[in-house]
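To start, the structure itself, in structure tokens.
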Amino acid sequence: MMNLRFSHPYLKGKLRVASDKSISHRALMLGAYSKGKTEIHHLLQAKDITSTKEALQKAGAMITEDNGRIIVEGCNRQWKEEELFFDLGNSGTSARLLSGLFANTTKTYHFTGDESLQQRPMKRIIDPLEKMGVHFTTQNMKLPFAFSSMELQGMTYSLPVASAQVKSAILLAGLSAKGDTTVIETIPTRNHTEEMLPFFGGRVEVQEKEEHTEIQLVGNQELEGTELFVPADISSAAFFIVGAILTPKSDLYLMDLTKNKTRNGLVEVLLRMGAHLEWIPQENGLYQLHCQYSPNLKGTIVEGKEIPQLIDELPLLALVATQAEGKTIVRNAEELKVKESNRILSTATELKKLGAEIVVKEDGWEIAGDSLLHGGKVESHQDHRIAMMLMIAALLIPEPVFLTDEQAMEISYPSFMNNLQSVLYEEFMI
Ligand code: S3P
């Protein structure tokens, strides 16, 4: 248990937060599929990435560290020809994307995960991958499952759920399929797979039509190893963005971020609420985000196509909403129920223990603003993003906040506390 107590805290200085989790998973996976060597700089070091790394090693890729860089010797899409067992821990991205990447295995691959991952829906990847020729053995469309295939066939598939993990699983399977694969999405989701493939020589074309986006991938492709630099993770930066805008005197620069519109929903919504945030270009093509205390935030409505652009940041947005003037409504966010915890419930339950006024809806929340939060005992629900959101909430509260299961943050951000301490200042009142 962690005892958090701050006296007039504020965030100041410069910080490069942890590297991007989504990009780190994909860098390892595409490197493992490729022919030759991939060199990855700034790969995220966190439990979910270890799950992907160990699975790829088991399937035959050589992954080593050399002076801070990660070197992947790819298998040229020849995964190990034997029955294999994989434990993907807590990582939904590993389980779903690796099902697509390994879909061309002729031997049986068995997947399982921790208690939380075994609850998460897998029908969303099983259905399309079966259409492509993968044979799954599963009891309830969840983990554990096993799969193998004789031959994969490309297809055209319209995503029934706005999920980058489903889109990516299909594209990764499409790489070794006969014939081309097209994924159609009506609601844009994070686009890292299709953006990163060309770095490995992958042939993929993205067409933005009026009502939807089409991602067309050439079938039966070899990829070539490459060199990659992983930027900082906007979803990890989000904790510091919110910490800075909510604490008086804060003035913080977050470094090495990308300005990817499929990931920047939180910044867009906060700007609309009146936050003092500014993108500043860096010489290396990445951006700094300058974040300052923002005393006059206004409630807002977040819904529809905006939701996937900030899906992982919604628990933090709920915290911001408690401090804004007026009501905030979040709708169409039912996907939150099937994350590492049911985040509609875990967010509301824990913030209410600290004095927030939140009405839980089927697909989101109604959150009253202007709440004076108070101390209390809260829990992470074994969910990394809930643990870190609650630590940021504690910055707003003069009384102690006791947080249990805080080690959940190691899933995406083991250095969170160190990073927080490096920019945290307190004014001790006499
Ligand atoms: C991710 C996609 C999102 C996100 C997750 C990472 C990815 O999940 O919540 O943290 O890297 O593709 P969904 O695709 O299930 O929305």
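Keep in mind that glycine also has a Cβ here, set from the backbone N, Cα and C atoms.
Nobody curates TrEMBL annotations by hand; they come from automatic prediction.
Summarising the annotation, TrEMBL assigns domain 'Enolpyruvate transferase' to 10-420.
Applying an 8 A CB threshold to same-chain residues 6+ apart, the list for GLY92 (phosphoenolpyruvate binding site) reads LEU117, ARG120, GLN165, LYS339, GLU340. Per TrEMBL, the feature phosphoenolpyruvate binding site maps to LYS21, GLY92, ARG120, GLN165, ARG343, ARG385.
In the three-state DSSP scheme, ASP312 (3-phosphoshikimate binding site) is classed as helix. Other C-beta atoms found within 10 angstroms of the C-beta of ASP312 (3-phosphoshikimate binding site) number 25, with every protein chain shown included. The 3-phosphoshikimate binding site feature in TrEMBL is assigned to LYS21, SER22, ARG26, SER163, GLN165, ASP312, LYS339.
The active site, proton acceptor feature in TrEMBL is assigned to ASP312.
Distance noted between the C-alpha atoms of ASP312 (3-phosphoshikimate binding site) and LYS21 (phosphoenolpyruvate binding site) is 12 Å. Site extent for 3-phosphoshikimate: the farthest pair of Cα atoms among LYS21, SER22, ARG26, SER163, GLN165, ASP312, LYS339 sits 19 Å apart.
Here the Cα atom of SER163 (3-phosphoshikimate binding site) is found 16 Å from that of LYS21 (phosphoenolpyruvate binding site).
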